[in-house]
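Please read the structure below before turning to the comments.
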Amino acid sequence: MMYIRQRKETKPIEVSEDFPSPKEDVKLEKKLPSGCASGRFWKILSSAVGGTVALCIGLLTSVYLATLHENDLWFSNIKEVEREISFRTECGLYYSYYKQMLQAPTLLQGFHGLIYDNKTESMRTINLLQRMNIYQEVFLSVLYRVLPIQKYLEPVYFYIYTLFGLQAVYVTALYITSWLLSGTWLSGLLAALWYVTNRIDTTRVEFTIPLRENWALPFFAIQIAAITYFLRPNLQPLSERLTLLAIFVSTFLFSLTWQFNQFMMLLQALVLFILDSLDMLPAMKATWLYGIQISCLLLVCTLQFFNSMILGSLLISFNLSVLIVRKLQKNLKTGSFLTRIWKLLLHLLLVFCLTLFLNNIIKKVLNLKSDEHIFKFLKAKFGFGATRDFDANLYLCEEAFGLLPLNTFQRLSETLLFYAYMFVLVVTVVTASVVAFHNLSDSTSLKSMDQTRKRAVDLKPEAAYNLIHTILFGVLALSTMRMKYLWTSHMCVFASFGLCSSEVWELLLRLVHLCNPKRIWVLRYLVPVLTLLYLCYKSWPGVMDELSELKEFYDPDTVELMTWINSNTPRKAVFAGSMQLLAGVKLCTGRTLTNHPHYEDKSLRERTQAVYQIYAKRSPEEVHALLRSFGTDFVILEDSICYERRHHRGCRLRDLLDVANGHEMDGPGESDPDLRPADHPRFCEEIKRNLPSYAAHFTRVFQNKTFHVYKLSRNK
């Protein structure tokens, strides 16, 4: 039975100064909800404004680039053949498969034509979905055929608008990455504006629309944004899973759309390896990211009909090596400073050796030689011996694969980007060095200190990741100009993050003993705002001039050539010539090619060198036999190659062929002593004299100021 009794008297509890009294607590309870609600409201409002600005600036960038493309070519007014010719070199080759899919009677026949293609390389049937990264063209062609837009939008506009739309995604992803790092969307706005004002050095989409990197880099930027968020500490399990999904999807799409994906992700894996080794990143999160890279590559490999070049990539070998060695090498992150250093050096050596061992084993098992030209090029580029290899020299002599020109930094400095970037880089490198030393030192005493007080110098994992990322991609850009677009876009993100980062300004103010929250707040907002105002003042007149400058596509010689081929040659005719021109022939005429610009195949590289003997010192009988061995009916000679002056002596195409053939080069200057004079004159020059020995094998059927087309006789 329940009773009610008098409550026992209890002693009053002394309230500490750190805790409010009951009366004060009641007052706080009345105040907190409104304060929390107000803070939450401003946070939601700020996020809404920041998100709206991100979408707007992404769309504006897309429209801006599309307008520049239209103004430069007058794309809406030129003929279809001129539009297709404007897709130069390999861009035209990729677009031709989009066109091929649209022209196929059914989607099934279109797929069959790509899987069993016999027009891209004569006398061969190749699987284009295995050889090339063209799933994006397949996807777009399917969308165009399925969606009810044929009456309102031409296929070419659907294609280019998709690419310009991806630029909006790209800029938005850069914006979000900078916002995540700094904690303010003002940083994202500054990053996006820097990207636009440094357009010459951050993108080339407006004049190389179908290029693989223009498809891939937006997904790469999304992946970096997702990784930046994933590396934040104390994420909720649901947020972590959703972020991992975003990383997986973006990594997969990046891998699917660009053949150089494995090299970019190898640098990312190195970033993770460095941070994990220096204890600046949670080991489990690094493991997740290694696993995502491997699984995405294997999935792409499956979709590309088990492309052996993917299986033999250094990335897969490296990631497997890291995971294996880390499992075998126990207690890697314990001990004194010197002990940790020795363990780390051993770890590096084991991973490096195991990577080379696994990669060599895989390549021998698969008999993989498709990527050997890349390693020959790298070996020659970094001074590990001269080479006469035609393919390696072809890359070495291209400006795009040379060192980054110094005038790039001059242009980047005009918008203050380079100055801001170097300022932030120096501060964060010093911070990272201190943190790395702290982590590698004897951890027992330092960890006890951390339990009582926060470190004076610290670097968040997401900031550390972006720091090492920008350093490694900077080294890549400095060594190979073509890769600068990977660095300069991230440079915008990193510089804007630093200017808006409270951690960066706090560290600097501490050094001069002027640190307080108000000064930090003023600097992190005042400096970016002043920079934004300067950018608007400096760049607005130039942007207006660009938008008002109207040009027009003009290439009458190439238009005349394509029109003649369409009207005067059989549809099954086989054409030989330069890789760049033949891509246009494939797109504009649908004729069969002997070779093309997609260079990631050993047999194709050998065939290209054989076809290029038309610019070497070879007899007409030799050239005729080589061309006929590939089923050639017509050969196109270009004066711009035969009499080339763009490159210096030793880098002209005819010089590369002469050296590869063991012949002395033309023109003033010395040749290597073991090179000998050729027995025959240069074919592309001598054939124009119409001598009997040439006329017996080649008949000129077309000529203009740029091109000469010869029909091959079928006699042996």
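Quick reminder: no glycine exception, Cβ is built from N, Cα and C everywhere.
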Q) Are Ile200 and Trp521 on one side of the membrane according to Swiss-Prot? A) yes
Q) Which residue among Asn439, Asn704 does Swiss-Prot mark as N-linked glycosylation site? A) Asn704
Q.
Which residue does Swiss-Prot record as N-linked glycosylation site, given the choices Asn118, Asn319?
A. Asn118
Q.
Please list the DSSP helix, strand and coil residue counts for the topological domain 'Cytoplasmic' (231-239).
A. 3 helix, 0 strand, 6 coil
Q: Could you please provide the mean pLDDT value for the topological domain 'Cytoplasmic' (231-239)?
A: 94
Q: With DSSP as the yardstick, break the topological domain 'Cytoplasmic' (198-215) down into helix, strand and coil residue counts.
A: 8 helix, 0 strand, 10 coil
Q) Within 10 Å of the Cβ of Asn118 (N-linked glycosylation site), how many other Cβ atoms are there? A) 12
Q.
Within the same chain, where does the transmembrane segment (44-64) have neighbours whose Cβ lies under 8 angstroms from its own Cβ atoms, ignoring anything closer than 6 residues to its ends? I mean 6 or more beyond.
A. 164-165, 167-172, 175-176, 179, 185, 188-189, 192-193, 195-196, 543, 547
Q | Most Cβ pairs under 8 Å with the transmembrane segment (155-182), selected from 263-279, 290-306, 339-359, 466-485, 488-499 | A | 488-499
